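Chemist: Sending over a structure as structure tokens; questions will come in a sec.
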Amino acid sequence: PNAVPRPLSLSARPLYRQEPFLAAARNDRAASTAPPAATADGARPVETAAAPEAMKSAKIGVYFATWWALNVIFNIYNKKVLNAFPYPWLTSTLSLAAGSAIMLVSWATRIAEAPQTDLDFWKALSPVAIAHTIGHVAATVSMAKVAVSFTHIIKSAEPAFSVFVSRFFLGEHFPLPVYFSLLPIIGGCALAAVTELNFNMIGFMGAMISNLAFVFRNIFSKKGMKGKSVSGMNYYACLSMLSLVILLPFAFAMEGPKVWAAGWQNAVAEIGPNFVWWVAAQSVFYHLYNQVSYMSLDEISPLTFSVGNTMKRISVIVASIIIFRTPVQPVNALGAAIAILGTFIYSQVTHLTRLTYLTTYVRKQANQNLTLKLLLTSCCRQSS
């Protein structure tokens, strides 16, 4: 224990499963012990992984394209609904309810395999669900008050919140390059906020609270869900259901059926039957885009996911500006570009820092003549 310092927690993804690391290593080890079959003349064929790698790359590409498209569609319909029906608590509740219903039907009809959970699983998931609920509602409140593009510009500052929370609440230390990579994120968000034409303090604070809540969600997820083997799809389904249970009483207290009924009548009278379609679309697409993002975590690395998340924000910002014809000043666009570029730089720096740390750790452990299994187990623990 005294041989190495405390590891860095730089990954932003929820750690809900770890066994695949060791399983993949065991499979690779078993495969390496089986020599390729010899040909008739005794020569061994040269095996190539080009086809499997191409298929994997295509699969990841499909995941990313689907993730970005669903996210853009959700944000557009979500903003349309909130413009006509400015009740973010009910809108947030409907999003979680739609996802919960979809997964319950999928489990009941055997379309998806139901997860094997116990009471300890739900206890560990509770703080994750609380943080997820707060972040989801706060983001919806922000979307109701400001432009979609502005909300996503502010939400690109989540890496800065992650570092500060880890530093001041968890006592973790980061190398200087990580802190320097936060400067363009903070500076870009500040420049975008100052030059925003339709600035609203409630909308700004909603996006900031959402950032903070999602950081704590990731921290609780990594600490509480460690070692629990649940697929990404089922993990998010369980998270949605528990978040729905938490959110319902607060939604009734903050807004209530009377307010919802009056607002619904006004929206239908103003928009027509299309409003019902908008509500259904934003609810379903919210679950689908989150579902795909969690499923992609099973296939890609944290770095690839971070880069994909950065590109997702760019697509949402650009699409929302075009569709809603949001007025943007050149200085405001510059601030957004700096902030998004900063998130990309942060993901690259944290990845390089992580590799440097693990490389040093592996070299130290390799000198102790550990078995492959013990070495991989130790490395996975340090990586997490």
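Glycine is treated like the rest: Cβ placed from N, Cα and C.
TrEMBL does not curate its annotations; it predicts them automatically.
According to TrEMBL, the record shows the following:
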DOMAIN    59-347  domain 'Sugar phosphate transporter'
TRANSMEM  60-77  transmembrane segment
TRANSMEM  89-109  transmembrane segment
TRANSMEM  129-154  transmembrane segment
TRANSMEM  174-195  transmembrane segment
TRANSMEM  201-220  transmembrane segment
TRANSMEM  232-251  transmembrane segment
TRANSMEM  334-355  transmembrane segment
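I'd like these features described in context: how deep, what's nearby, how far apart.
Modeler: With a cut-off of 8 Å between Cβ atoms, the residues of this chain six or more beyond the transmembrane segment (89-109) that come close are 78, 81-82, 136-137, 140, 144, 234, 236-237, 240-241, 243-244, 247-248, 250-251, 254-255, 260, 279-280, 282-284, 286-287, 290-291.
The list of residues near the transmembrane segment (232-251) in space but at least 6 beyond its ends in sequence, with Cβ under 8 angstroms from a Cβ of it, reads 14, 16-17, 89-90, 92-93, 96-97, 99-100, 103, 112-115, 117, 121-122, 125-126, 128-130, 132-133, 136-137, 225, 287, 290-291, 294-298.
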Chemist: Can you give the mean pLDDT for the domain 'Sugar phosphate transporter' (59-347), rounded to a whole number?
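Modeler: Here the mean pLDDT over the domain 'Sugar phosphate transporter' (59-347) amounts to 88.
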